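Q: Below: one structure in structure tokens.
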């Protein structure tokens, strides 16, 4: 028995040839008939129809608890790459290659070892033709090279990520390649070997971050499945789910950064710092490679004194450890507490981004204003804690805002350019700080100007979190009066073709 059809052409063709008994024929105007084997189980028939509906409507399967946990574990294993490994560990490793360095007398309050460590970082010991570079500048150049190499790769993988093809291979492959380049970084004690190593790590990190962000968007779509088509109820649910996931993942990532920074501090106590820091790089690679499990498991003595990074204040090494731990541990508490506050005041990702920029502008403005003052330890720790919260807010809600404005099925294309822009910004900030070592006023001024530029871009850039979600199709109007969104299942299906269901056994 065949279902009633509104297309005479399909009825005529059915009468002339007729589908084989016990088969289902799906025919449209511009497609040839597709014959599928008979389905005897009613539940399988319903599932197939549901799959057609979900594919058309862009509804994702809800992620399991294990998938969410593994997604957070990858943040734990990868967040430190662009916050500790590249900007801190590699400049320290490169600085230990310097042999012929003339040390100036240490400043008051600094030990000889602390002053030597700082001098090695800012000494122009790398010569290329007639140009000389410091280890910090050499790292910045290598970082920029990695971004340059990753740009065409990101453009190439955006479409496969959108369609979900080879997502696991891209995600896991980039993670494994980047992690493996951490292992031999100290095998050759020469300056020229580090640019390809750092560039490969940066490029792999950008690709894996793009895949990780795209997976975040797919999970949000699955968790925020609309129970109603009323926009004022649907969007707050998506906003809550997206911010909760991103905030906690960033907090977990800060924990991973704190572990690596503490290990780096411990290894600096050894006499042979080059080999000790190489061990840190190896451990970083092993930790990063643990994150690849996420990609393949889901379908979708006398302690040396160390100089403070600004180059204008000498502190004990244990306080340097406190600074690192404060920067990465404080967001573990501050970021999760922001989520209930955000739900209470009902703010979206755009306003949380503005909050992050305002906090960053406040800390950098205060630092610039009091640049000549004698800072005490509580002042420094407070500034570090507040700035780490601002960085976490910008990181967490930046991708929430991105995915809210991303059409379903296009998470890959949007995520690759988000990863590219994020890497360019991080590299640019590091490069500015490297070019002006010891000039804290310039670093604070640049940060303040960048924060204000971000605020102006969000306010006057015609950016709307809710408007972007509506334009992207995440907020749908009630379509109950428009018939089924699947072609061929409503009464007005003449222009699309018809569906003939033959249920004979």
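Quick reminder: no glycine exception, Cβ is built from N, Cα and C everywhere.
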Q: Looking at 49-68, 109-128, 169-188, I want to know which stretch TrEMBL calls transmembrane segment.
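A: It is 169-188 that TrEMBL annotates as transmembrane segment.
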Q: Look up transmembrane segment in TrEMBL and report which of 79-98, 219-238 it refers to.
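A: From TrEMBL, the annotated transmembrane segment range turns out to be 79-98.
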Q: Suppose you had to name the range TrEMBL annotates as transmembrane segment; which of 308-330, 446-468 would you pick?
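A: Based on what TrEMBL states, transmembrane segment spans 308-330.
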Q: What range among 10-29, 350-369 does TrEMBL record as transmembrane segment?
A: 350-369
Q: Counting only pairs 6 or more apart in sequence, are there at least 3 Cβ pairs under 8 Å between the transmembrane segment (275-296) and the transmembrane segment (414-436)?
A: no
Q: Per the definition of 3+ C-beta pairs under 8 A with sequence separation of 6 or more, do the transmembrane segment (169-188) and the transmembrane segment (79-98) touch?
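A: Counting Cβ pairs under 8 Å (6 or more apart in sequence), the transmembrane segment (169-188) reaches the transmembrane segment (79-98), since there are 3 or more.
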Q: Which range wins on Cβ pairs under 8 Å with the transmembrane segment (414-436): 79-98, 138-157, 194-211, 241-263, 350-369?
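A: Counting Cβ pairs under 8 Å, the winner is 138-157.
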Q: Applying the under-8 angstroms CB criterion, which one of 194-211, 241-263, 350-369, 381-402 scores highest with the transmembrane segment (79-98)?
A: 241-263
Q: Same-chain Cβ contacts of the transmembrane segment (381-402) under 8 Å, 6 or more residues past its ends?
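A: Residues packing against the transmembrane segment (381-402) from afar: 213, 216, 239, 242-243, 246-247, 249-251, 254, 322-323, 326-328, 330-331, 334-335, 338, 349-350, 352-353, 355-357, 359-360, 362-364, 366-367, 414-415, 418, 422, 463, 465, 468.
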